[in-house]
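**Student:** Have a look at this one.
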């Protein structure tokens, strides 16, 4: 009897101990998961309130065109009275947005944590109008904000060029219908939009005519490190020390155990299109070779830009780049929220704030590294439609609703 009770007691004791261990493990695991996935409360206000939904009621295209044209003519500056930004020397971010509101909200969150962001201006250039996106951008309360709208978008031209033309087709369809034009309007829009927004900001925004500093180009799928504007100040100073440099780049593939304070001078090429920055002087030189961008048969704006830079004196442009990137792309991440938290935690633990910034040239066996990457001689395709090329050469063509556009039939 006593033996039986002793066995039962031991079983109950073992069960209690095991239960205690499992309970402790679950509690610790729960705490770890909570700390891992808990979202910073102060960033909740920049979350998108609504997901983009398909329009159930057809939009009035002409009415929307007129609304966006008026907005471009007289762009409103949000938070103008809250932040006394000096346009002549304050950092400016030019952000290309389509309709990925999910990734856009995390870009805005990362920008809100940038040291010195209050003295900056954000210019959002949209190729798609949505009240959800509009409200998300208007929720920004940490700096001045401007919104402009690409006038040749697919949304404003749903069934004709420069949107989706009924005669557009894929490579497979071309075999069945030799008369159709091989063209993917979604890809051509992205390249057109990039070139248009640069033209519009440098040439049409009168209050930026005296702006001489480099403008930082971002996209909706960018992530910005908190120390971006601090390293930006040092990179801009490098222009005066190295007058042959034309552009800055704050992005590159992320590596660990590298010098946080090191800047390099080397030829620009993709993947340094992430976090690209240049000023009006460089832009005017780029415009003089616009045909190399607009006539190059490649739907990628970055490789088209690489082809354009081939016309510069050294057949490339020299950039000031960061060894430790301050701008990262989240384009290919499936779980953007988890990636955002991982990046935020990583940059919190890494000492990425510059202390003794050094700028070095990259040397090879034959001396300073020159053009180490050559673009395809004829491009990767997707840009063979003459109409796209002509529109690109004249991106600021009149877009009023009363005047016929030259590409209308």
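We count from 1, first residue shown onward.
From the backbone N, Cα and C atoms, a Cβ is placed for every residue, glycine too.
When I checked TrEMBL for this same protein, it listed these features:
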- 12-28: transmembrane segment (TRANSMEM)
- 169-180: disulfide bond (DISULFID)
- 294-392: disulfide bond (DISULFID)
- 332: Mn(2+) binding site (BINDING)
**Student:** Could you tell me which of these disulfide-bonded residues, 294, 392, has the fewest other Cβ atoms within 10 Å of its Cβ?
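**Tutor:** Each of the disulfide-bonded residues 294, 392 was scored; lowest Cβ tally within 10 Å is 294.
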**Student:** Can you give me the Cα-Cα distance between residue 180 (disulfide bond) and the residue listed as 'Mn(2+) binding site' in Å, rounded to a whole number?
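**Tutor:** Each residue's Cα considered, residue 180 (disulfide bond) and the residue listed as 'Mn(2+) binding site' end up 32 Å apart.
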**Student:** Determine the most Cβ-crowded residue among the disulfide-bonded residues 169, 180, using a 10 Å radius around each Cβ and all protein chains in the structure.
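**Tutor:** The residue with the densest Cβ neighbourhood is 169.
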**Student:** Applying a 10 Å Cβ distance cut-off over all chains shown, what neighbour count does the residue listed as 'Mn(2+) binding site' have?
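**Tutor:** Taking all protein chains shown, the residue listed as 'Mn(2+) binding site' has 7 Cβ neighbours within 10 Å.
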**Student:** In whole Å, how far does the CA atom of residue 169 (disulfide bond) lie from that of residue 392 (disulfide bond)?
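**Tutor:** Between the alpha carbons of residue 169 (disulfide bond) and residue 392 (disulfide bond) there are 21 Å.
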**Student:** Measuring Cα to Cα, how far is residue 392 (disulfide bond) from the residue listed as 'Mn(2+) binding site' in Å?
**Tutor:** 28
**Student:** In whole Å, how far does the CA atom of residue 294 (disulfide bond) lie from that of residue 332 (Mn(2+) binding site)?
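**Tutor:** Answer for this pair: 27 Å between alpha carbons.
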